[in-house]
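**Q** Sharing the feature lines straight out of TrEMBL:
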DOMAIN    19-253  domain 'ABC transporter'
TRANSMEM  386-408  transmembrane segment
DOMAIN    538-766  domain 'ABC transmembrane type-2'
TRANSMEM  572-595  transmembrane segment
TRANSMEM  616-645  transmembrane segment
TRANSMEM  651-672  transmembrane segment
TRANSMEM  679-701  transmembrane segment
TRANSMEM  742-763  transmembrane segment
């Protein structure tokens, strides 16, 4: 703090500035879409003052506040808070030294008032007794309902007051309030202003407040009037009213806007000319007013005395401005510029270098108390959304039921057309004989095929044309035509198998035509026909006292080394389905966490309160892991106990790999939610990544059926190695010592690490 003497002999204190902005520039977009939000803006907020920032919506107020709290960076210019760069935790921003109330509600609406305040109290490290006293005071002071009321049930004005209470909770040195009195009745609004004035005068708090109610800003010690990214004026309200001889700040603002518009239309330069000028002279000629201001008595004083340069505000105890004059700061010489730059390199915290992102290079150890606060917040949110929580636990059971019931079962009751020319009427004249009797063998063969199989249902037809027409219409899945002399030539073929003419071969064969449009159904038809014939022929040889093995192929399939002699498709797909269900259910748990919190302003508020990206990641991984463990248990219980899918290997390796895959999916969801800014984009990318995992991970079809290049790519997907490892444990009984199994573990752990590191990097970049 500097002290100088004014024209009237009074001592003037040049207050150290808490916030200092010099030539700030900020824009969004590029090219013709570029929109300038802050244009060479200069602003100084003295310690212990209330600074009212006034302006229409879209003039840049909220962007400026976001830069001050370190949530956005300037394109050009200098910005310091507490003498350092916003975002540098060593200066306390983000952290305890600032209380921030954003324009958004930025509250967890599932919480009660008390839970909301306790959450931020834990973040700020307040002890329980101090926190409870503060909660009681704020509830009474802001006329809030009972603190056990859920925020969702409050009115809009009451919710804004809860948001205001959060910013006041920890007695910060700097309060930044974005329209705190919106929706508040006049009596309470005045009470809030009285409290802010007391905080500034008695406790030395510095307050920056934006408001739509221009006249209420008269109570501020300093106001800044903004329009289209420019600061039109910065002075005590009383000074502005007297300089313009107008009754209200709104009239002053209007006049300044008109002057600014005229100056813009005439392309008048905004550079302040060299020389000494009074405030009134500057206002009349320039669209931008220096951040130095004069008192009402200054006009009556003889010009002269001390000079005050930009960046300091001359103030007396009652915030009135003494008789001083303004002179433009002399331009730096090249030597001075080099000297200043060197000093900035030595003191990166000085706050006068162009905006940087100090948080990117800082490593801070996560705080257990903050992690616990975040975990409690996540658990409360889950508990309050009970319907969603039950859905998350029931969903894996439903998916497993659908899979096991609908997939891998053999088709049944497939209609199959039969034309038997050996008998006049297939239904009444086809007599099935037993023993070593060779009368109408075709009837015996058809009975073995259709009666002993649940797959086929015989549909007799009189002519070949009718049967072929039924197949063409899709009424049956195929047709079989038995020749008129089938039994005669079949016996001839049987007894003279080494010397058979072509006619015998043709007349002893049943012609089969299938509908091959459905591969799985056609495969089952071929299988049923083959097994029916094998059963018929073995029984015929047995009845005639021949060894039944004479009817088999000269290939003897013994008990398999792994798996069953007659495997089913359900057992093949089950390992992959376990992986897929857990991975993408875990992804859905976390895929929208950061998106929704960022959209509602909650993420920014937590970051400004001092929460680290690593603390957020740890808390979400921990709480979502609890849900993941429940989903894993339900999935495996239904797979192994309800539907009796076989598991030949140690169950512990199955559980461990499933949990790791769920963790990988959870971390993948966190990564997507950090990258994308809206839920729709996150969902679309999640769906887009689902099908490559389903199709290329060996879940639906063996990897050996892929081209070599696609097979190589598929091994680098998150689920491929894990799916193969799961299948080897379940079907082959292998343990962790087998390369295939531990490769699945190594691959999963590697993907978890990649997702966490990328998430941390993205959060770090966005938070800084």
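Every residue gets a Cβ built from N, Cα and C, even glycine.
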**Q** Excluding the flanking five residues on each side, which residues at least 6 beyond the ends of the transmembrane segment (386-408) place their CB within less than 8 Å of a CB in that stretch?
**A** 568-574, 577, 581-582, 585, 589, 627, 630-631, 634-635, 638-639, 642-643, 645
**Q** Quick one: average pLDDT across the domain 'ABC transporter' (19-253), no decimals.
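**A** That stretch averages a pLDDT of 89.
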**Q** With the transmembrane segment (572-595) as the reference, find which of 616-645, 651-672, 679-701, 742-763 contributes the most Cβ pairs under 8 Å.
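**A** Ranked by Cβ pairs under 8 Å, first place goes to 651-672.
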**Q** Short question: which residues 6 or more past the ends of the transmembrane segment (679-701) have a Cβ under 8 Å from it?
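**A** Counting only partners 6 or more residues beyond its ends, the transmembrane segment (679-701) has Cβ contacts under 8 Å with 573, 576-577, 579-580, 583-584, 587-588, 591-592, 595-596, 668-669, 672-673, 710, 713-714, 717-720, 723-724, 727.
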